[in-house]
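TrEMBL has this to say about the protein:
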COMPBIAS  471-503  compositional bias 'Basic and acidic residues'
COMPBIAS  568-584  compositional bias 'Basic and acidic residues'
COMPBIAS  585-610  compositional bias 'Basic residues'
DOMAIN    28-56  domain 'DEAD-box RNA helicase Q'
DOMAIN    60-231  domain 'Helicase ATP-binding'
DOMAIN    258-403  domain 'Helicase C-terminal'
REGION    460-503  region 'Disordered'
REGION    568-610  region 'Disordered'
MOTIF     28-56  motif 'Q motif'
Amino acid sequence: MLEMKRSIVRVEKTNGIFAPNFKIIDLKNFEALGLSSPVLKALSEMGFENPTEIQSQAIPLLLSKPQDFIGLAQTGTGKTAAFGLPLIDLIEVEEKRTQALILAPTRELAQQIGKQLADFSKHLGRLNIVCVFGGASISGQMSEVRRGAQIIVATPGRLIDLTKRGAVKLSSLEYIILDEADEMLNMGFKDDLDYILAQAPEEKITWLFSATMPAEIKRIVKNYMVNPAEVKVNQGNIVNTNIEHQYAVLKASDKTEALRRLLDFDPAMYGVVFTRTKRDAQKVAEDLVESGYAAEPLHGDLSQAQRDAVMRRFRAGTLQMLIATDVAARGIDVDNLTHVVHFALPDDPEYYTHRSGRTARAGKKGVSLSLITKGDMRRVKYLESKLGIKFEKALIPEIAEIAKNRVSHWADKLANQEISKMLEFEMMQTAEMALQAFTREEIIAKFISGQLDRVTKKNSISDLNDTSRSSSRDDRGGRDDRGRGRRDRGERGERGGRDRDGREAGMHRFFINLGTMDNLNKGGLLRFICDNTGLTSRDVGRISLDQRHTLFDVSEDASAKIASLNEKQYDGRDIRVNRDDDKGRKRPSGGKRGGGKGKPQRGGNRKGRF
């Protein structure tokens, strides 16, 4: 760890850039940024014309001299090019050693960064960029790195695995880039980042890109960076004005049926449905596929090969809808999406912005539709206030509307259908003979009926829209607040303080037979819980780690999902989880270690016991 005093250099804005003593230049095109001719040629071939704000401010600064750097900008503002373009110009292509490391929170984002850097550098000669991440063969990745990788793009966990196996040498690094640093910390990678940054050479250059500047980011800056220059652009949650924000109020149990109706009503719909959990993504996708729709899930339980195959089909247009979790969708870059559907609203406004930004790209229009219950209305109002947007109420179409619209689409398509060259006179005769007993009107009616089979085959209610008045409990913010997570429940005084055991109101306490002797810290345990239940870090409250066990709090509405941990193992040992906040329940000493074969305690190993 560096010992010298750190400070952040807040460089002043001068003619469109942030830089101290920087020459005033026109930054309206990439030629003015100081990039090499091979890189400019690649950008031209890729259709890049004008740099974004973060690119125009960061690139000249990063090329001007070796220095630590902080770039504060939202996702979707062009950060990859902002650090990727100067980086590939600074790499010594003839040197085969690893010179730069880029860390990203998810494998999708790591893959996207790797692909973009490969495109940017295609005229630079033998620049080798290798992506390493979990979910793929580590032996194959080790072989790629050992063949020579000047730039490694990695997720933190897999990188540490490779360093401990001797495949990656951090000692040769000249540059470390942290992309979406705040997201990596949110996902529990604090200890991993500390390990990597501490192992890297002190004289390395660190570029940190983040949407926000929480306390943990400031700690990293203080401990591992030296007098970093800082560029700040597009702070706040900037929302694309080409996106139409809508919400539809319905019962939670009707949300999947609402998706079916939307797809039937608009056959050209092409988009992403965001769910809270992996389990929800899988279930919604399975329900849609069973009903005959072209949909597939994308979540962390899929292997890398499965995820790649899903994304190939989605980009090719073979899939109409992708059902994804927020984490799995990181790095998805698909053009021409017409819709983003929020199966459940995110707790964080920034996540809403990230989700919605998947549509309405390159100047096109798009729709961001939230499927909500009555209890979610205050969250809609909160998003309006926080993001400066306006939601319009939308109605899920009734079956009669869908039927009329489907027939209209079918008729238009039929009218524009070209006559196939394979059509022969005998085929016409065969069809004519089969239909000669019917009148013209009957034949048309039969054709139309075929289009309505999927619409009418389910005996579902006609109107899904919830038009009932909210109860007084809803208006007061009673039980319907339970699904909103800890951040939306107000301050301590509003919640009525804590229970005697230290729990916040609205939280349940659980026991799990994992502790420090399992080589777990709080971040590691949090990741284990979230990865195996589909919860997010926002659902988990206080964590009290002991040697043989841990107590942790979970929000009331998410508690039911904790039961699934009883089906899991950790290092070959059965996991036991029980509620710990019931009166009269005794706390065990931790149980017999090794294989989970000891005498059951706290109700034993009965799955789902609460």
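Glycine residues also receive a Cβ, built from the backbone N, Cα and C atoms like all the rest.
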Six or more residues beyond either end and a Cβ under 8 Å away: which residues meet both conditions relative to the domain 'DEAD-box RNA helicase Q' (28-56)?
16-17, 63-64, 71, 73, 77-79, 81-82, 85-86, 88-89, 119-124, 231, 233-234
For the domain 'Helicase ATP-binding' (60-231), report the average pLDDT of the model, please.
92
For the domain 'Helicase C-terminal' (258-403), the DSSP helix/strand/coil residue counts are 65 helix, 27 strand, 54 coil
Could you give me three numbers for the domain 'DEAD-box RNA helicase Q' (28-56), the DSSP helix, strand and coil residue counts?
18 helix, 0 strand, 11 coil
